[in-house]
Amino acid sequence: MQERHTEQDYRALLIADTPIIDVRAPIEFEQGAMPAAINLPLMNNDERAAVGICYKQQGSDAALAQGHKLVAGEIRQQRMDAWRAACLQNPHGILCCARGGQRSHIVQRWLHDAGIDYPLVEGGYKALRQTAIQATIELAQKPIVLIGGCTGSGKTLLVQQQPNGVDLEGLARHRGSAFGRTLQPQLSQASFENLLAAEMLKTDAHQDLRLWVLEDESRMIGSNHLPECLRERMTQATIAVVEDPFEIRLERLNEEYFLRMHHDFTHAYGDEQGWQEYCEYLHHGLSAIKRRLGLQRYNELAARLDAALTTQLTTGSTDGHLAWLVPLLEEYYDPMYRYQLEKKAEKVVFHGEWAEVAEWVKTQ
């Protein structure tokens, strides 16, 4: 039974999106996991905690015996059934625990006894995590071009369309502003970093990559923060700024934040609850910048938002949202971005409309 334990093997697992049957407890998995991993634990959180206490008080042999006692009979059979099904569904997958220790070896042995030979990650999640960290450090050393521009400039789409582009907001499941949340919950910080590393490895492996194309992001994207090694390189990068007409930006924002978000919420929750979730999403976004706007201006814009939602509910038209979106851009988002851009003006090497920037990026 071949085990994979070299640095190149670990990288190959991430590049290939190799299915990983992660047998750690759910609490460990939630703190950090690899992108292609599914959690089928040997022990649940309570069982793991009980074995941990036993280990501290009585030693490893007693802890092992306690684990076998807790995972026995019907519980063991249920978990065996889940592992067997996962192995058959993912014949080219691999087992993983925290450090490639007893848990993955126990599951591997039980599967072997049931007629299934399945490899495991020698070194476990810890080894894969270190590989992800090191890969990000190395790959971040390549030159970077940042795509900048005011809100609604189509920066994310431009990055997505580049073969050497990495969509940081897509990986973070957040669009980086007060209205940036999506219907998918954000990953833990470690899981986000692992996903980013895997994406960079895959992008680099599939071409002769000379430079990265990334969106000009701040350190935080929602609750996730960029790895320091990448953030540091981004502060040194050149910037291409998209300068589209205001009307074009409004069309994009209408599509992305009103039409698409309303569709996504109703698709996920049904018409009635979806509408409520959509309304709360917009109000929450505006409320998040209440202090920046000042109470009086916030109340004015919130009233316009309510009126726009009433119009949208009764007529289906999203045009009413311009009454609060336009001043929000003119008074808050655009001045804020221009101020940030002024501080790094010496790094700006190209200005142009969306298509011009997209064409320029191809020449780099």
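Each residue, glycine too, has its Cβ placed from N, Cα and C.
What Swiss-Prot records for 14-137 is domain 'Rhodanese'.
For Cys97 (active site, S-selanylcysteine intermediate), the same-chain residues lying six or more positions away in sequence with a CB closer than 8 A to its CB are Asp22, Val23, Arg24, Leu42, Arg103, Ser104, Val107, Leu120, Gly124, Tyr125. DSSP assigns Cys97 (active site, S-selanylcysteine intermediate) to coil in the three-state reduction, outside any helix or strand. Taken from Swiss-Prot, the feature active site, S-selanylcysteine intermediate covers Cys97.
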